[in-house]
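Remarks on the structure that follows.
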């Protein structure tokens with residue numbers, strides 16, 4: 001069960017090939033099909049009670065049976081697929097008169113393969129099953145229940161085929177001259193084939209138990225070896241014989257389709273045969289559905305065990321959509337942290353890998369409902385392939401290992417969101433017209449306190465995002481408003497308000513959110529504070545600025561340390577350069593009116609350096625790349641000449 005995730009094959013054909021290849025060269029020549037050995041006339045069951053005829057397998061007698069590897073037995077995830085069987089199975093070439101009707105040849109093949117199949121069912125039920133059951137009762141070396149689980153409902157399948165299906169086929173073929181049809185017989189008995197779904201659903205579990213108890217119990221292995229070495233078993237293992245019921249329904253579908261193709265256009269059996277084919281197909285689909293449901297619940301149970309039985313996820317309504325590792329972008333730490341996600345159709349489990357993996361591999365940190373969830377890509381140069389998952393309980397900034405993995409995760413999230421919205425009938429028409437942005441902003445205000453916000457990272461600001469006072473480690477520490485996610489100081493966040501997404505518990509909020517959530521008027525001291533010329537919020541995103549990026553600030557003008565500043569030419573003030581300490585700061589520490597400045601190349605030796613010069617003023621900058629330096633020089637030359645954009649996207653040079 002891998003993120004993102006391996007696709008499961010649609011047919012058991014590959015497993016049959018494994019079984020074929022595991023046989024000895026003496027047991028079956030290369031290329032010979034498993035059914036060719038089983039479907040010989042001498043393999044037919046007796047018509048009356050008495051000692052069973054032994055199967056003549058030629059040189060296979062006495063050869064040592066080969067077992068199928070446990071890895072293959074424990075990894076069967078294949079579905080029954082008639083299409084795959086049509087490609088892998090070809091009709092048996094029958095000997096007989098060349099003048100025999102082609103449709104009768106198919107019916108003859110159906111009868112012969114059914115006789116061989118009943119012989120194998122007899123071996124499974126009356127020999128393997130009964131011998132193991134008798135040994136379990138007498139020796140107590142292994143539980144009877146284990147034997148019953150391994151063989152599932154094989155007794156019912158054997159009785160149906162030996163007492164009903166095979167005799168009906170035999171009678172109809174004997175009476176073929178007077179009544180040349182087979183569709184009505186299959187049509188009458190096809191509904192009983194749905195009993196195969198229980199056997200197929202149990203097959204993987206049976207294979208696991210068989211492999212386990214073969215290793216665990218010497219007496220269990222002794223009984224198997226004795227029967228497998230007999231002529232009746234044909235030197236084939238129990239695992240090989242157990243696979244035949246899984247194969248049988250696709251074989252019926254293949255033969256019946258060929259029978260319909262051979263029928264004359266106006267044959268009286270045309271309608272009945274077609275209806276019988278539809279019923280056979282329905283039985284195959286019933287088995288497929290049983291396998292799918294079994295695998296889905298098995299996946300849930302495996303996740304349940306990996307979580308240490310901490311979370312109740314084994315629910316018939318839950319479906320695991322995707323799982324895998326991601327990196328969590330922290331709002332305090334610089335290095336992303338390893339996390340693991342389990343995405344279901346109705347919830348996301350955000351987990352932390354356990355250091356000591358005794359029992360459970362992961363600990364559930366947060367459970368987020370898919371209902372009301374939003375997902376979008378984060379355009380973050382520092383953390384590429386990152387995306388935001390915003391839910392009612394929590395908002396996460398996550399980083400994938402590649403662009404393809406990020407897209408795959410976002411598609412999985414969006415598919416789950418779309419599905420649950422459709423089910424809840426909550427689709428609404430998207431906002432149209434120029435009011436779209438205003439409506440979105442109003443929607444965000446209305447959701448304040450209803451869903452967990454996206455927290456601004458600590459390093460993205462150097463001052464309180466409400467009062468613009470600089471932070472320091474002793475007297476003014478950073479706090480996060482639990483309603484809007486802003487980084488604020490203690491004085492601006494000295495308020496408590498009940499937040500619905502946190503079960504109406506009181507949480508620390510900033511003064512603006514406190515006023516919105518409670519309706520209380522802000523203190524006059526806060527309202528009367530005048531806005532300074534530098535108190536212009538940083539245009540951290542490209543759509544808010546003509547140019548923005550980090551630049552190294554060089555020279556005594558900036559101090560000896562030469563700090564790195566977030567430089568912005570805003571769209572709404574295109575002739576001024578603002579320099580911030582961090583991208584999310586609400587106040588710049590320097591602003592430079594660019595009109596009349598001269599942009600020159602910096603000192604020789606570093607092509608990434610450029611300067612702004614006017615009279616006695618000189619500012620020196622260093623870009624991270626030459627390409628970025630070229631864009632900054634072009635943007636500053638435009639501003640210095642008095643140029644300003646005439647429409648919103650004109651002259652956009654930002655990252």
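Heads up, the Cβ atoms here are built off N, Cα and C, so glycines get one too.
Feature annotations, reproduced from Swiss-Prot:
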BINDING   464, 467, 489, 492  Zn(2+) 1 binding site
BINDING   481, 484, 510, 513  Zn(2+) 2 binding site
COMPBIAS  32-56  compositional bias 'Basic and acidic residues'
DOMAIN    102-290  domain 'DH'
DOMAIN    319-418  domain 'PH 1'
DOMAIN    544-641  domain 'PH 2'
MOD_RES   11  phosphoserine
MOD_RES   48  phosphoserine
MOD_RES   654  phosphoserine
REGION    18-64  region 'Disordered'
ZN_FING   458-518  zinc finger
Per-residue pLDDT averaged over the zinc finger (458-518), given as an integer: 84
Find, among the binding-site residues listed as 464, 489, 510, the one whose Cβ has the highest number of other Cβ atoms within 10 Å in the structure shown. 510
Within 10 Å of each Cβ, count the other Cβ atoms and name the one among the binding-site residues 467, 484 with the highest count. 484
With an 8 Å cut-off on Cβ distance to the 481, 484, 510, 513 Cβ center, who else from the chain surrounds the Zn(2+) 2 site? 453, 466, 482, 483, 485, 486, 488, 493, 509, 511, 512, 514
What are the non-local neighbours of residue 481 (Zn(2+) 2 binding site), defined as same-chain residues 6+ apart in sequence with CB under 8 A from its CB? 453, 488, 493, 508, 509, 510, 513
Collapsed DSSP category at residue 481 (Zn(2+) 2 binding site): coil
Express the distance between the Cα positions of residue 467 (Zn(2+) 1 binding site) and residue 484 (Zn(2+) 2 binding site) as a whole number of Å. 15
Write out the long-range same-chain contacts of residue 492 (Zn(2+) 1 binding site), meaning residues 6 or more apart in sequence whose Cβ is under 8 Å from its Cβ. 464, 466, 467, 510, 511
Helix, strand, coil residue numbers for the domain 'PH 1' (319-418) per DSSP? 16 helix, 47 strand, 37 coil
Taking DSSP as the reference, which of helix, strand or coil describes residue 467 (Zn(2+) 1 binding site)? coil
Neighbour count, 10 Å Cβ-Cβ cut-off, for residue 513 (Zn(2+) 2 binding site): what number do you get? 26
Using DSSP, tally how many residues of the zinc finger (458-518) sit in helix, strand and coil. 14 helix, 18 strand, 29 coil
Residues sitting within 8 A of the centre of the 464, 467, 489, 492 CB atoms (Zn(2+) 1 site), not counting those, run 463, 465, 466, 468, 469, 476, 488, 490, 491, 493, 510
Counts of helix, strand and coil residues, the domain 'PH 2' (544-641), according to DSSP: 19 helix, 42 strand, 37 coil
